[in-house]
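**Q** Below is the structure I would like to discuss, written out as structure tokens.
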Number of protein chains: 2
Amino acid sequence: MNPMTKEIENDFLQYIQKMTSFQEALNLLYWDMRTGAPKKGIQQRANVVGVLSSELFQMSVSDEMASFIASLSPHEEKLSPTVAKILEECKKEYHRNKKIPTQEYKEYIILQSKAENAWEQAKEESRFELFRPYLEKIVEYKKRFIEYWGYEGHPYNALLDLYEPGVTVDVLDPVFKKVRTFLVDFVSKIQKSPHKPKTDFLFEYFPKENQRLFSLQILKKMGYDLEAGRLDETIHPFEIALNPGDVRVTTHYNEQDFRVAIFGTIHEGGHAIYEQNIRHDLIGTPLCAGTSMGIHESQSLFYENFIGRHRHFWKKHFDLLKRYSNGQFDTVSIEEFYRAVNEVKPGLIRIEADECTYLLHIIIRYEIEKALFQDEIQVKDLPEIWNLKYKEYLGVSPQNDGEGVLQDIHWAGGDFGYFPSYGLGLMYAAQFYYSMKKDLPDLEGLLETGQLIKIKEWLNQNVHQYGKLKKPLEILMDATGEELNPEYFIRYIRNKYTDIYRLYSPENRHV
Amino acid sequence: MNPMTKEIENDFLQYIQKMTSFQEALNLLYWDMRTGAPKKGIQQRANVVGVLSSELFQMSVSDEMASFIASLSPHEEKLSPTVAKILEECKKEYHRNKKIPTQEYKEYIILQSKAENAWEQAKEESRFELFRPYLEKIVEYKKRFIEYWGYEGHPYNALLDLYEPGVTVDVLDPVFKKVRTFLVDFVSKIQKSPHKPKTDFLFEYFPKENQRLFSLQILKKMGYDLEAGRLDETIHPFEIALNPGDVRVTTHYNEQDFRVAIFGTIHEGGHAIYEQNIRHDLIGTPLCAGTSMGIHESQSLFYENFIGRHRHFWKKHFDLLKRYSNGQFDTVSIEEFYRAVNEVKPGLIRIEADECTYLLHIIIRYEIEKALFQDEIQVKDLPEIWNLKYKEYLGVSPQNDGEGVLQDIHWAGGDFGYFPSYGLGLMYAAQFYYSMKKDLPDLEGLLETGQLIKIKEWLNQNVHQYGKLKKPLEILMDATGEELNPEYFIRYIRNKYTDIYRLYSPENRHV
């Protein structure tokens, strides 16, 4: 590389650092709004967020950015692997943002905000018709965007690429079909089992402050670094990374259902441990973040379900929970508790679903979105199709659109292609789980003796450290030696719930 | 104004809004660092602050700003009064920042940071010599800056103008001389009084959480709007305004000296009430801030001393304090308590000084700084002159430079000209106090019945609402009908402490 190019590279990295600085400021502004910013300042705060966001967007499509891309791309093979990856990310974003005519994008942003308002009202009144005209326009815009961006194969691939680069309809179709077939059958068996867990003790009073103290204990044991993070209260819990030395977790407390905070904190803690352990040399670059929505979700779900709802995790921690609780578990055995927190209950609402039925909620949305973007169905058909699929896959029927097709905000925001990532997260997590068990054969022993740190180390090594240096399916292949394979998820669910609901076939049964 | 100019005006206001947005983000980043940001994120956070600050600085001296100034200045009389004021502020800052050669300014910023480190070490080791070479360079730079900026009269005026526009050496010299003469004599009389307040009960255990709850009660009673603010804990208390709807107070708790938190919170609350009550049409402009350091300090000191240390304030609130305290005041009368929190004790440390001796600390610094910038003394002479003046005005002698000339950080940061603002704050406050008493003759009655809101309304009306629309001496003139007049401060101190220390001349004494 000639000295001239070196100089451009340095300028580029400085430009990038400015962008990540704006992003860190934005993240703090967001966190603060959700955890305790005085309400009378929110209006002006929204202006501040608007100014910084627009600045960041402008920088991603500026002439300066174009000139960095033009100057550095011809020398790509001479750049360090990290700088080459940063350039790739910037290029991708540049083209994605630049291909949409400015005026059209502005109109879309305004529409988005109107659509979200309309959705909110429509959901409240359970009237899809109020939302329909907005959703139709959103879909029209998105279809045009897809044409601007271009795609290979199915048009829906352009949307999947936004959240899970490398994952296409060709990857998902066979996987989701297999999982769906298994789950529909398996969940119906569970439904018929006479061995239902007892759950009444889950809903007794558990003081908020004690929930907080217990959650903090568990976060520490998981290896969440409290000198590089903090736990705060909010309405809708989230994790947010300012930089790897400052990754914050928020949670919500319900004194009549401690599961909300405890499993919620473990979930967000999983996200946070990911961000805290990204290689520090990536700080100040766009690579210093989880590589995709799906891999991120795999980490939170891994901790929440594969660890936090594991029998051996509670063998170690049930006594601690008892000490913080209000006495409601005094006559409950570990086994009863374990079964209670793993209750399977097909329902209408995605965010309340258990790990066993969750993927069916996702698959319904995936099938609908794909059909919508292939012009096989229209927006006006959505409520009917929605209700049919819920009946068919989960055996439940919404009483109204509020608890049906209107339940999620995603479509109002134009976030089509996002839902599959949630489902991928579960399947990635299962695949990691069995791969981890090969490296740590006594995983149950580690859980029972509280050595959660070994688990974190495995994830650090195989997943966290890379940030966006590897794409999601690369991470999966390198960590597990395989492509995406839904058999792991199926095996996990079958083993776990056959046991919990005593679904052993007669010949396998040991009484 | 022609349509073209109108368009430039709009662009200018948008540019300004971008600057104030960056400033709000910076203020939040700062607040967060001081109230609970995880320590491992601080290094990257410092980069973020650096990027945003430098962006803000660049915007203040950009070609774009130059062009706004050039296009709008000729039409100044056609601009609205608010826009004209904004332009004036921007011009002032543009010239101040632009007149210093870029390279020299960069060197100065680096020197500043080195000087602060050197000061810290020098203070710790009480060795002025370690700090001297840095301070000499800082003074050299500042003297050059003064030449770049230009000044009328005394060169020190250029520095005063940074913090208290309109206040010059000609204003301060006679005022400080009069106050000094009075105080030196009066404090020595107090020292000789046999009627010293008893203070032991001030230093008994007072639980932190109770201090917090009491402080919150008082803040509310003062009229601090908790929906437009919040109270957090920090090491060195401060108030910070993000916008008038979000003005935050921080405090520090000492369980063996409740005065730190209680009077500290009242002090910062005074600053905060100022910022919360600036006219909302100034939001998003540089006028939406306190008009000067001195007027700001007048508001905090007004609440802390004139209200918070007033006999009638405690007539109303002593019972409440007792309820939150640990029983230490059960046998203390209101009068004993009032005298205790108004104890006068000449000391070495400015930030620990009472309202009676505080101005002497300020006057010493003023006299020294003025002499330094008029080349009457050299940096090397500072410790000796410092100690002589402390002996002469306050009757105390530092044992070492750590508790003497090295006690404040200001000079290490180059903040010469700042100290007088603190002193002006006290004198402004006294002048406001007597003016308020004309409008609210039963001020004592209001205090005794807890109607603090009337006091806030007077300050809102006469001081707060204007932000930077009026200069400090304009505020003073409009609110009190007079120029700066130190007689009010002298009268206030004489009346209050003659009573507390029973210094009545025999003929006036009523036993």
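Cβ from N, Cα, C; glycine included.
Below are the features I grabbed from TrEMBL:
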- B:H267, B:H271, B:E297: Zn(2+) binding site (BINDING)
- B:E268: active site, proton donor/acceptor (ACT_SITE)
**Q** Any idea what the Cα distance is from B:E297 (Zn(2+) binding site) over to the residue listed as 'active site, proton donor/acceptor', rounded to a whole Å?
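**A** B:E297 (Zn(2+) binding site) and the residue listed as 'active site, proton donor/acceptor' have their Cα atoms 9 Å apart.
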**Q** Let me know how many other Cβ atoms fall within 10 Å of the Cβ of B:E268 (active site, proton donor/acceptor).
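**A** 26, counting other Cβ atoms within 10 Å of B:E268 (active site, proton donor/acceptor).
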**Q** Enter the number of other CB atoms within 10 angstroms of the CB of B:H267 (Zn(2+) binding site).
**A** 23
**Q** Give the sequence-ordered set of same-chain residues, not counting B:H267, B:H271, B:E297, with Cβ within 8 Å of the centre of the Cβ atoms defining the Zn(2+) site.
**A** B:E239, B:E268, B:G270, B:H296, B:Q299, B:S300, B:L301, B:Y303, B:E304, B:G425
**Q** Validating a neighbour-count step here. Other CB atoms within 10 A of the CB of B:H271 (Zn(2+) binding site): how many?
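**A** Its Cβ has 23 other Cβ atoms within 10 Å.
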**Q** Measure the Cβ-based neighbour count of B:E297 (Zn(2+) binding site), defined as the other Cβ atoms within 10 Å of its Cβ.
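**A** Step by step: centre on the Cβ of B:E297 (Zn(2+) binding site), count other Cβ atoms within 10 Å, giving 22.
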